[in-house]
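For reference, the structure discussed in these notes is given below.
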Amino acid sequence: MAPRRNNGQCWCLLMLLSVSTPLPAVTQTRGATETASQGHLDLTQLIGVPLPSSVSFVTGYGGFPAYSFGPGANVGRPARTLIPSTFFRDFAISVVVKPSSTRGGVLFAITDAFQKVIYLGLRLSGVEDGHQRIILYYTEPGSHVSQEAAAFSVPVMTHRWNRFAMIVQGEEVTLLVNCEEHSRIPFQRSSQALAFESSAGIFMGNAGATGLERFTGSLQQLTVHPDPRTPEELCDPEESSASGETSGLQEADGVAEILEAVTYTQASPKEAKVEPINTPPTPSSPFEDMELSGEPVPEGTLETTNMSIIQHSSPKQGSGEILNDTLEGVHSVDGDPITDSGSGAGAFLDIAEEKNLAATAAGLAEVPISTAGEAEASSVPTGGPTLSMSTENPEEGVTPGPDNEERLAATAAGEAEALASMPGEVEASGVAPGELDLSMSAQSLGEEATVGPSSEDSLTTAAAATEVSLSTFEDEEASGVPTDGLAPLTATMAPERAVTSGPGDEEDLAAATTEEPLITAGGEESGSPPPDGPPLPLPTVAPERWITPAQREHVGMKGQAGPKGEKGDAGEELPGPPEPSGPVGPTAGAEAEGSGLGWGSDVGSGSGDLVGSEQLLRGPPGPPGPPGLPGIPGKPGTDVFMGPPGSPGEDGPAGEPGPPGPEGQPGVDGATGLPGMKGEKGARGPNGSVGEKGDPGNRGLPGPPGKKGQAGPPGVMGPPGPPGPPGPPGPGCTMGLGFEDTEGSGSTQLLNEPKLSRPTAAIGLKGEKGDRGPKGERGMDGASIVGPPGPRGPPGHIKVLSNSLINITHGFMNFSDIPELVGPPGPDGLPGLPGFPGPRGPKGDTGLPGFPGLKGEQGEKGEPGAILTEDIPLERLMGKKGEPGMHGAPGPMGPKGPPGHKGEFGLPGRPGRPGLNGLKGTKGDPGVIMQGPPGLPGPPGPPGPPGAVINIKGAIFPIPVRPHCKMPVDTAHPGSPELITFHGVKGEKGSWGLPGSKGEKGDQGAQGPPGPPLDLAYLRHFLNNLKGENGDKGFKGEKGEKGDINGSFLMSGPPGLPGNPGPAGQKGETVVGPQGPPGAPGLPGPPGFGRPGDPGPPGPPGPPGPPAILGAAVALPGPPGPPGQPGLPGSRNLVTAFSNMDDMLQKAHLVIEGTFIYLRDSTEFFIRVRDGWKKLQLGELIPIPADSPPPPALSSNPHQLLPPPNPISSANYEKPALHLAALNMPFSGDIRADFQCFKQARAAGLLSTYRAFLSSHLQDLSTIVRKAERYSLPIVNLKGQVLFNNWDSIFSGHGGQFNMHIPIYSFDGRDIMTDPSWPQKVIWHGSSPHGVRLVDNYCEAWRTADTAVTGLASPLSTGKILDQKAYSCANRLIVLCIENSFMTDARK
């Protein structure tokens, strides 16, 4: 049959071993640790389940689970999920860590939203000169640089477990290493509390984007304590036995961990059947929820409800630790077919350990555990199997003596605790007592464990080993099938010696036994009435065997105490001969009012404290010491009444003579104290209902508690699930023998009375400690019935135990190597006097059971459970992958962050806007004419604008000199033939600007150099182009003088006869008509206008034009006319620019002869001639002054470089607008978007600056466009079609709705809505609907393509570009680019 398991139910068995400590110290430790543990912050909760990438479980220090961090681990969350916004003023940080790299790394860090400043953190530095530093970061609000508050130099920590604590208190920082103070450093800080902004982040194993080294290695504990005293309290040597983990390093403790095999066999039905008694619900400590979470149990944890704890420790540093990895498998074994039929009530536990169980002291706390599955126990008998457990192969036991019985009492009291109910859906109202038991007894080594003197038969109990009773109800329905046909299961062991306790303080031993459920063994039925007799002052056990029913009839009479022995030495000499048995001690009786013990019955659970059996670490027996002085009253027991002292027993046989010791003062026995006040009945809390187990989903917001569904039919047996979280404390109930005083008062009056099934009331609060009672009278002498031989004498004091335990290789304790600890036995001591009055009594009887409470709400999700088995693969313990959770609603807008750091160098800026028209310049001074020698002919200059004609010396035809005319300025000597000269107009130097207003005529400039001879064909062509409209009729001119002959011109003629002026003629083809009589000079004509060119974008001012060539009849030009409409370059522009040589050759047929060509790529100059091109030689370079604006492009079309099919070529730039384009391919979340937009815009010939349509860590999306142009300019595509009315309208909160019929083009002219190059029609933006950056959804500032990281994007199918959809950053989506300002220079 496959093993049966209940969902959410787990059988766990752990053994508790510890080092001796007094009971007051144990009690004090528990209180301190409970106080210190409240409100601590466990930072390992950041890791979560399932584990992140590069994080895994490993076996950690002491066998606990730990987390292994690889190089790629990235654990971080918003700090507000774990850390309070206002941090503790004083605090402590506890760490258990094992680095695997010499580079150190950050253990944890709380940073600002930009992950640049560490507010609080711990870092390990790299290894330098055999040391490392532990660095504490503590940065107060307002600082923009991480501050190192303290740094401690420690030895290299790599590849070994290290335990340290950092304490920040007042003006000091203290480092504790292995519970010892390492050093202190002064710490200056302001009185202002450390506060974290709401957008702060907390990281584990790294520090975000700060650039600090990541931690690689194993991390087991990382806890922040609000009380800075907590680490010191947990490390107190007096409290080490109560600690839940070792304070020192396991490697250096020297305590060998020997894990004993535990087997279970079915024993004879004659073995004792023990009925467990459920303890009342104990208050749940904060650590109960952590027992199966995979976390180490914090120090000082003593209380538990679902398991007993193995504590073992080094004698040097003394704190125990829980071993939760020693149990290899826990599974059921088929029971008796008769009792198992269908109900499964007879399932056994078969616990097989393949490892050695750590054992540094003898003893197992008996842990009765009652578990309930989904059973109705009203009609199910609970008799049946009994499970006994024992450990094997220890070589020697330990015998506690009288001076250590107080510690023994504390040990036994704690180990008997942890009786727990594990509620499922069970009602225990009808459970018949004493039927189904699984008990485990750990027997001593070779001899049965004894505690004090007894009658010749005794009870196996506390000191060496106690028993564990497990009552189970697994999935039982009220079938009525009896389960008492199963024989008990008994596990035995073969030790060499027993662990016994000698006579001692009865008060302490009574306190020990009252908290320990003792179990009878034999064939007697449970519930039989105890034998009559005097009160039982002290529970005892026999050294060798179980008590039989016949022997029980003779117990109850007191024996006389042995004679007083002399004080022995310290026990450090050589071992002496064996000591004979001492005199008979007092016998056990029935109805021992203070012992918490009754025949055939169990006792109450005690106060609920769980104390390890450290008291059993003792040496071999030494000589008995004298009776000590009366000690101070011990800490009151919670459920014990001390019985009256017994009469002295008969003298036992004399022991071997020991060294004589001084006689001690006899002690005085006190009377029994008054019974304590009965506690008030407490109200029972509601039972919690178990919610349906859901598949783990992605991390989402916590949902409301789920409702419990109806029970379905039994399904197929599935694999065992991981351990569930601890349930709430169950209600106290009367089970087994039906005790009403489950607090352990020892009442045995109702042992044999069957109890009616009724609801169980919750246990009332514990009463306050009462005043010390008066000294009692000496009790009556008991009957002089000889008791069994007394135990051996007490051991010597252990002084060098830690050094002697290093080489232990077998058994619980191997003292063969410690001969110096064994002293010779001493003489028997005299009986002591009555002791002091007893302390206040225990809590009163339990009230009547209350009615069952309502089902509680579903509990919170538990921590990850510890994996206690190696039989089941890890993947079977983990649930199936959950469905993705719902996306959470966008969070509120965060507060305005602090000023950012200085950014990187920006992209090249756009050209500046044209300046305003300058003020009208003043008239310049006349130029000084300096006649110089004629220079060499210069290279041909570029064509210039027609110059103003200042002097007309003559026409191209010879004209005789007119003597009545004034001589022109700077003309050649009269009568000498020369070429036509022209004088330029002196102008003001200005910057590039808009067309200016009409300026005043400048003064006459200096005479220019002679020009080259003109070609007639060129001249005719040029004059035809310069043909103007008909001028006004001129006045009749006077007869001209005979002109000189100009022999340098090819065309000349004789002077004509004077004629009358004729009427105005039609427009002629030539400038000069036939020669007529000279007329009067005509007035200047109106300015001429050229034929308007095709409209085009405004171009820069052209270079100077060719020289004006005028005929004799041309009048002086008028003032400059208004600027004409801009046009594309026409054939009349004699200077044209091409991109390169190929472009010039392809367009040669479009260029007329005489046109100058400038090549942009090579900066060369050519002139078009008849058969081709001729290259012109240019002079030296004259650099442009630094303060001059850059020259405009020679072409007036900024988009002419786009390929022919590009729709941008037809874009209309006449109206101001901002252009929106897309990158030429899709991109994932890891992209240098701004650089791509700039680069692709330049490649497309767009001169303005384009920015990515994305939010960034430095800028919100809504602020990319220049502020002055967010409201006035439309947003258009590259064809000029309007997409949005203005930039601000996109961020109105409606998602940026646009007309889907207007396409969005890429820089290379493709429509992204239809082109298959963008398979996912989704646009990245990473912004809220109002254009605010969302740091959790913008692919880590567009620097990652990780699948686990998301960014916001908008599907084009919605007709919006700001729709709020989250996509994985690994997707390749559309990236848009926006022109961030209107650039007029690029479009002139």
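Glycine is treated like the rest: Cβ placed from N, Cα and C.
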**Study point:** Selected from Cys733, Cys965, Cys1237: Swiss-Prot disulphide partner of Cys1377
**Key:** Cys1237
Study note, to complete from the structure: In Swiss-Prot, the O-linked glycosylation site annotation, restricted to Ser343, Ser595, Ser1052, falls on Ser343
Point to revise | Record Swiss-Prot, residue Cys1339, disulfide partner from Cys965, Cys1369 | key: Cys1369
Check your understanding: For which of Ser241, Ser284, Ser319, Ser745 does Swiss-Prot record the feature O-linked glycosylation site?
Key -> Ser745
Revision key, fill the gap. Annotated as O-linked glycosylation site in Swiss-Prot, from the list Thr158, Thr265, Thr483, is Thr265
**Study point:** Residues flagged as region 'Nonhelical region 5 (NC5)' in Swiss-Prot, choosing from 142-152, 186-196, 868-878
**Key:** 868-878
Study note, to complete from the structure: In chain order, residues whose C-beta lies under 8 angstroms from the C-beta of Cys1377 (disulfide bond), counting only those at least six residues away in the same chain, are Leu1220, Ala1221, Ala1222, Leu1223, Gln1236, Cys1237, Gln1240, Ala1241, Tyr1250, Arg1251, Ala1252, Phe1253, Phe1307
Point to revise | Confidence summary for the region 'Triple-helical region 8 (COL8)' (1053-1107), mean pLDDT rounded | key: 60
Practice item. Only counting partners 6 or more residues apart, tell me which same-chain residues put their Cβ under 8 Å from the Cβ of Cys1339 (disulfide bond). Key: Gly1229, Asp1230, Trp1324, Gly1326, Ala1345, Val1349, Thr1350, Gly1351, Cys1369
Revision key, fill the gap. Under a three-state DSSP reduction, the secondary structure at Cys1377 (disulfide bond) is strand
Exercise for review: For Cys1339 (disulfide bond), just give me the three-state DSSP call.
Suggested key: helix
Practice item. Sort the residues of the compositional bias 'Pro residues' (827-840) into helix, strand and coil with DSSP and give the three counts. Key: 0 helix, 0 strand, 14 coil
